[in-house]
Amino acid sequence: MNLLIDIGVRVGEALLQWLLSPFYWLSILLIALHYRRQVILERRLFAVKMHSWITHTWHAWLGGLIAGILVSFASIGLGVTLSREVIILLWMIALVLLLVRVRFLCLAYAASMLALIQFGLNTWGTTWNPEGWLGDAVASVRGMDAAGLLVLVALLHAAEAVLIRKQAAQMAGPMFIESKRGRVVGAYRMQSMWPVPLLLLFPASSDGAALPWTPLFGGDLWQQGWMLVAFPVVVGFSELTFTKLPQQKTAISSTRLFAYAALLLAISLAAAWWPPLVPVAAIAALGMHEGLIWLSRREEAEHSPVFTQDTGGLRILAVLPKSPAAELGIVQGEVIVKVNGIKVRTKEELHQALRMNAAFCKLEVNNLAGEVRFLQRAIYAGDHHQLGVLLAPDDHVEYVAVTRAPSLFSFLLVPWTRSKRGAKCKQQENLDNGSQSADKAEAVDAGKASISADVDNRA
């Protein structure tokens, strides 16, 4: 009974730390700003609201909370421990890296850098003993359990892989970009971030009860007493795809990320038994993470775009929620061949065919398997004039996104600014993506407007 009371008190203290942590609320604020910017971009490109930034933020918070509970149980069971000083150092490194690229907020970068710094201090800097706050920081890094930290990174990426599989495709946003050949194509920006609150073990010299189990890390250290420390982190995923459907891209990415997590976990556990492997595990965490990004960019560059106008009909880029098309079961990637018995090849032909019968429509649609589906529905006042479908772009689109690499300032700047550009205006927008083709996209024709976008690959 006393053990249960002791555990309850320590959990309560850790939860209070979590609720009072400025890093946790800062991460939620950044995530809310990101999804708000996505909604603004959709309005600028399509003049409609595809998603709700409040709903996305809520789903991200809930998914991160569930992931935090599961990863906390696993890390506590293993005995992964971090001091408050190390947690602060990790956040400081992550925030500095965030000024360079949004995707560097990922814990893999800060943890790997801190593990390599520890290796350098313990190998070449043994005689360096500064005083003051710097000396305290150096002492904390030297005494840090680097192998346990990298195990935690692996567990977080395994949780991230599951979150990507479950949520990332639903949060994907459509956009128009210019390919490296100058052709306007449809694409999907899949960028999701989750605030993950963790509770980690920390040894404490107190009269509290010893742990009722023997963790992998720490050994007899936990017999002297223990406490829980709150550690809020952010995990994220960012991809730009124009060669695959969002569901296909997220399935591939989540599978690869889970394999990354499993391999990193194996190397980190080996480093726990043989410490000389710690720098190997740190370099592997960085190298494999960047390798996943490079592989995704290469695949996008080598394959043909999916969301281009089909010669046999109108390719669907996206479907508005709760629209007539959504009620009919039409999905992204399908092709509208006929409307009310009339073949359609352009947006104008679609509008003309729909006007043939203002109260009812019959559709012939080729699904993703190439099979023909026949659909019909009554049309009511207030229905979307295009049945709620966003079509793959043609040569007459008004806006396209021009990508650039993002930083923390992307979230702090105003959503967009206007400037004259030919007969149109130029929109400047900030978002995240990472396709090699998108990176090479340059200015659009003078008769078009561009949306300059901050894009990065895999946060």
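The backbone N, Cα and C atoms fix where each Cβ goes, and this holds for glycine too.
Database features, via TrEMBL:
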TRANSMEM  15-35  transmembrane segment
TRANSMEM  56-76  transmembrane segment
TRANSMEM  82-100  transmembrane segment
TRANSMEM  107-126  transmembrane segment
TRANSMEM  146-164  transmembrane segment
TRANSMEM  185-205  transmembrane segment
TRANSMEM  225-245  transmembrane segment
TRANSMEM  257-274  transmembrane segment
DOMAIN    292-369  domain 'PDZ'
REGION    424-459  region 'Disordered'
COMPBIAS  428-438  compositional bias 'Polar residues'
Please list the DSSP helix, strand and coil residue counts for the domain 'PDZ' (292-369). 24 helix, 21 strand, 33 coil
Considering only Cβ pairs within less than 8 angstroms, which of the stretches 15-35, 82-100, 107-126, 225-245 has the most against the transmembrane segment (185-205)? 225-245
Stretch-averaged pLDDT - the domain 'PDZ' (292-369): 90
Best-packed against the transmembrane segment (225-245), counting Cβ pairs under 8 Å over 15-35, 56-76, 146-164, 257-274, is stretch 15-35
Checking distant contacts: for the transmembrane segment (146-164), what same-chain residues at least six beyond its ends satisfy Cβ-Cβ under 8 A? 63-64, 67, 70-71, 74-75, 78-82, 86, 107-108, 111-112, 114-115, 118-119, 192, 194, 196, 198, 200, 217, 233, 235-237, 250, 253-255, 257-258, 260-262, 264-265, 267-269, 271-272, 275, 277-278, 281-282, 285
Are there residues at least 6 beyond the ends of the transmembrane segment (56-76) whose Cβ is under 8 Å from a Cβ of it, and what are they? 28, 31-32, 35, 38, 151-152, 155-156, 159-160, 162-163, 166-167, 170-171, 192-201, 215, 228, 235
